[in-house]
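Structure first, then comments.
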Amino acid sequence: MFELRKLPYDTNAFGDFLSAETFSYHHGKHHNTYVTNLNNLIKDTEFAGKDLVSIIKTSNGGVFNNAAQVYNHDFYFDCIKPSTGCGCGGSCQSIDANLQAALEKEFGSLENFKAEFIKGATGVFGSGWFWLVYNTKNQKLEFVGTSNAATPITEDKVPLLVVDVWEHAYYVDHRNARPAYLEKFYAHINWEFVAKAYEWALKEGMGSVSFYANELHPVK
């Protein structure tokens with residue numbers, strides 16, 4: 001059975017990006033509901049005792065939706081970090097040299113990467129996610145937009161960064177202003193986590209996805 005992961009930071013430490021109230025609903029209620037639903041759906045089925053990624057890749061319907069949303073939310077919450085308090089909007093953050101070189105090779109510059117990321121995430125219609133992934137088939141970085149619970153790991157693409165654009169992720173703090181939320185998100189990206197995800201993607205490919213998920217949700 002799966003458990004709701006603990007967040008690795010103080011939910012009061014995100015300034016005007018996200019409030020503790022948002023975390024209480026997003027993590028404490030929405031994310032928790034996906035975990036609870038998944039446990040109820042897989043009990044006494046062929047999915048009981050399987051690891052999270054295996055369930056995602058071999059299921060459909062309600063089981064898939066809830067399993068994928070557990071993973072998607074886990075990853076999103078690791079992609080953000082608290083405010084630095086410097087007021088720079090994230091410009092003072094250092095990015096791993098290998099990751100920066102890969103981003104500049106694929107997108108031209110970090111400025112262009114940011115512009116394309118925010119444009120792509122703004123353009124996701126309705127509820128969904130916007131990802132930076134490592135494509136294991138062509139060994140390139142690319143953007144992927146997914147709707148509802150869909151996740152790129154079903155296409156053998158390794159997530160490196162994701163932003164949640166379901167309205168419950170930002171409505172308490174930003175109402176319907178998704179672009180404003182995305183600007184704040186970019187200033188709170190946990191680049192150390194993204195760099196580590198990229199490093200493991202290069203070393204282990206899709207195996208890195210299972211390693212990450214199993215660290216949070218060991219099979220019991």
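Backbone N, Cα and C define each Cβ position, glycine as well.
Database features, via Swiss-Prot:
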| type | residues | note |
| --- | --- | --- |
| BINDING | HIS26, HIS73, ASP164, HIS168 | Fe cation binding site |
Reduced DSSP assignment, ASP164 (Fe cation binding site): strand
Residue among binding-site residues HIS26, HIS73, HIS168 with least C-beta crowding, 10 angstrom cut-off: HIS168
DSSP-derived structure type at HIS26 (Fe cation binding site), helix or strand or else coil: helix
Chain-mates of HIS26, HIS73, ASP164, HIS168 with C-beta within 8 Å of site centroid, Fe cation: HIS27, HIS30, HIS31, TYR76, TRP166, ALA169
HIS73 (Fe cation binding site): secondary structure state under DSSP, collapsed to three categories: helix
Neighbouring C-beta atoms (10 Å sphere around the C-beta of ASP164 (Fe cation binding site)): 25
